[in-house]
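Following: one structure in structure tokens, then a few remarks.
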Amino acid sequence: MQDSPLIIGSRQFQSRLLVGTGKYKDLNETDLAIQASGAEIVTVAIRRVNIGQHADQPNLLSVIPPEKYTILPNTAGCFDADSAIRTCMLARELLDGHNLVKLEVLGDQDTLYPNITETLKAARTLIDDGFEIMVYTSDDPIVAKELESMGCVAIMPLGSLIGSGLGILNPHTISIIKENAKVPVLVDAGVGTASDAAIAMELGCDGVLMNTAIAAAQHPVLMASAMKKAIEAGREAFLAGRMPRKRMANASSPETGYFFK
């Protein structure tokens, strides 16, 4: 079965795995892990890494060149709408008018849970200014629909807390978000290992964004390769359609044509 491409806003992609750039030991490991992941979209925390705003520091774009990858600036570290909006404006300036961004407005330092009120405020302003918004949000289906209705091009509910590795804690609500959405739904945050990524895709999600699950692994490049395979396997399983769950056994061997009677 031929799969359709992942379409986000005005762009389309073959890979459904999106990766971050934080927590690697150096730029070489970052480069190798991203290559092993097969990702086409690479997200960058504008407030934390250098993509040209500091001429005297190593530039991350030397290992993720914009001509090879779609750079997805994100607003990690922003705790109010105003700082998130300013960060997106800076990203557009540094990336020569690039308007696809990942919006995340955090509620507190301990949970890094999304502040929905400030997220909605920032999203409205940025969309009015021509940005294409991929938005980090809770797994609340009502909030997800509101963000879609205002014009966000992708909804990104958390699987569990950022960097926790706890996996997909509320698969039912994420399934509801996906069933109700007319834009891509990508799990963002909480993935810890390959099985978590596969589960997200089996739920019908359009993709998964991850960073710590790869960067904090004992062997990040190998984990990146595992995640690539998990995304592909989970997607194929979803397209294939799983067997129905049953309460009782159902023998797989035929019940007719026995040699012995």
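Using N, Cα and C of the backbone, Cβ positions are placed for all residues, glycine too.
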Site-mate of ALA189, GLY190, ASN211, THR212 for 1-deoxy-D-xylulose 5-phosphate in Swiss-Prot, selected among GLY151, GLY163, GLY241:
GLY163
Number of other Cβ atoms within 10 Å of the Cβ of THR212 (1-deoxy-D-xylulose 5-phosphate binding site) across all protein chains:
18
What residues, ordered by sequence, lie under 8 A Cβ-to-Cβ from GLY163 (1-deoxy-D-xylulose 5-phosphate binding site) and sit at least six positions away in the same chain?
LEU112, ALA189, THR212, ALA216
If you draw a 10 Å sphere on the Cβ of ALA189 (1-deoxy-D-xylulose 5-phosphate binding site), how many other Cβ atoms land inside?
25
Taking the centroid of the Cβ atoms of GLY163, ALA189, GLY190, ASN211, THR212 (1-deoxy-D-xylulose 5-phosphate site), which other same-chain residues have Cβ within 8 Å of it?
LEU161, ILE162, SER164, GLY165, VAL191, MET210, ALA213
Distance from ASN211 (1-deoxy-D-xylulose 5-phosphate binding site) back to LYS102 (active site, schiff-base intermediate with DXP), taken between C-alpha atoms, in Å:
14
